[in-house]
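In Swiss-Prot this protein carries:
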| type | residues | note |
| --- | --- | --- |
| SITE | Arg18 | site 'Transition state stabilizer' |
| ACT_SITE | Tyr23 | active site, proton acceptor |
| BINDING | Asn74, His80, Asp87, Ile101, Ser102, Arg111 | substrate binding site |
| ACT_SITE | His100 | active site, proton donor |
Amino acid sequence: MKKVLLVNGPNLNRLGVREVNVYGKGTLATLEADMKQEAEAMGVELECFQSNHEGAIIDRIHEAEDIYEGIILNPGAFTHYSYAIRDAIASISIPVIEVHISNIHQRESFRHESVTAAVCAGQIVGFGFYGYKLALFALMEKLREA
């Protein structure tokens, strides 16, 4: 059974109460439960991790290479400025799919650039929670191609 790590970055623990007009009413717990169910149906073991701390996210990315076949990552606001997370992604050999609930290109101008996307296998934005499922499908396809 393939193993995948789902990493959610800062403030995503506030889903369901934070800017519901942008992120919707669904909670992180709901998202994680739905993703685990989807993964199980695909024969994939999914582990979920959320942190508001850059170093903790970097540590999980580093550790993932020896445990998982791939990562689905929503770096949150770190997307736009964390060269440290970018370098952590670049340092591992497993594919990473970047996902965002909202379309970062339709939001404030400071959100338009992703410093992490260039070292990811792909990026999915703007499809709400469904984007995470798309990321899982894309990651499984990427692994089949390898």
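Placement of Cβ uses the backbone N, Cα and C atoms for every residue, glycine included.
This view paints the features noted in Swiss-Prot onto the structure.
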{"residue": "Arg18", "record": "site 'Transition state stabilizer'", "DSSP class": "coil"}
{"residue": "Asn74", "record": "substrate binding site", "DSSP class": "strand"}
{"residue": "His80", "record": "substrate binding site", "DSSP class": "helix"}
{"residue": "Asp87", "record": "substrate binding site", "DSSP class": "helix"}
{"residue": "His100", "record": "active site, proton donor", "DSSP class": "strand"}
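Proximity of Arg18 (site 'Transition state stabilizer') to non-local residues of its own chain (separation of 6 or more, Cβ distance below 8 Å) is seen for Asn11, given in sequence order.
Neighbour count (other Cβ atoms within 10 Å of the Cβ, all protein chains): 14 for Asp87 (substrate binding site). The number of other CB atoms found within 10 A of the CB of His80 (substrate binding site), across every protein chain shown, is 16. With a 10 A radius on its CB, His100 (active site, proton donor) counts 26 other CB atoms from all the protein chains.
It is Ser102, among the binding-site residues Asn74, Ser102, whose Cβ has the fewest other Cβ atoms within 10 Å in the structure shown. Around the Cβ of Ile101 (substrate binding site), a 10 Å sphere holds 24 further Cβ atoms from the protein chains shown. Using Cα positions, the member of the binding-site residues Asn74, His80, Asp87 nearest to His100 (active site, proton donor) is identified as Asn74.
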